[in-house]
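The block underneath contains the structure these notes are about, expressed in structure tokens.
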Amino acid sequence: MRAPPLLLLLAACAPPPCAAAAPTPPGWEPTPDAPWCPYKVLPEGPEAGGGRLCFRSPARGFRCQAPGCVLHAPAGRSLRASVLRNRSVLLQWRLAPAAARRVRAFALNCSWRGAYTRFPCERVLLGASCRDYLLPDVHDSVLYRLCLQPLPLRAGPAAAAPETPEPAECVEFTAEPAGMQDIVVAMTAVGGSICVMLVVICLLVAYITENLMRPALARPGLRRHP
């Protein structure tokens, strides 16, 4: 049985379902008793070992939900970046318990690609208890690269050789221009309004056809006699 044209039009103009939030896999959500994260933003130059000690609380209950957030998570990696609409990026990572016991800190390096070379944007030293970091004020339409490297514990006097540091994991992303997002939202709203108007017009035409024109067509014509 074929569906009526009006039902097909309603199905075509129906708004798309809301985008579901990106699920949080086990290990990404911080535990309720997770400690505060100590970190230092390291300056560029010869005094790179300085920096003011700061603290941040873990990002509990965070969900990356479109269109206000875009998730960049390379397959098989323990590092992911959530690019928010306010031009900030939440970087999250996870470690196995055995590997976490061998880490004394994390080194985060940020860079962005220009026309001919890459430019550093931020270097952060994070404590071993840190599992996320918020990078504020990224530029639109610029390819960023964030690399996180676990730093092993310092070898004691009895150790034969220092432990080799693990390789850094990196994630790349580009922040979408906020103006383009507003244009997309506006076009979606206008398209939805046009669909609603078409549905109303179709309903009016169907009502006029069923209730006004059919009785007039069914009424027999009156013939005039001389």
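Just so you know, glycine gets a Cβ as well, placed from its N, Cα and C.
Annotated N-linked glycosylation site per Swiss-Prot: Asn86 (among others), in sequence order, evidence recorded as sequence analysis. For Asn86 (N-linked glycosylation site), no same-chain residue 6+ apart in sequence has a C-beta under 8 angstroms from its C-beta.
In the three-state DSSP classification, Asn109 (N-linked glycosylation site) falls within a strand. Sequence-distant neighbours of Asn109 (N-linked glycosylation site) (same chain, 6+ apart, CB under 8 A from its CB) are Pro120, Glu122, Arg123, Leu146, Cys147, Gln149, Ala168. The annotation N-linked glycosylation site is assigned in Swiss-Prot to Asn109 (among others) on the grounds of sequence analysis.
The signal peptide annotation in Swiss-Prot covers 1-20.
Annotation comment: Swiss-Prot describes 21-182 as topological domain 'Extracellular', evidence class sequence analysis.
As annotated by Swiss-Prot, topological domain 'Cytoplasmic' applies to 204-226.
The transmembrane segment annotation in Swiss-Prot covers 183-203.
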(request) Across the whole of the topological domain 'Extracellular' (21-182), what does the mean pLDDT come to? Round it, please. (result) 82
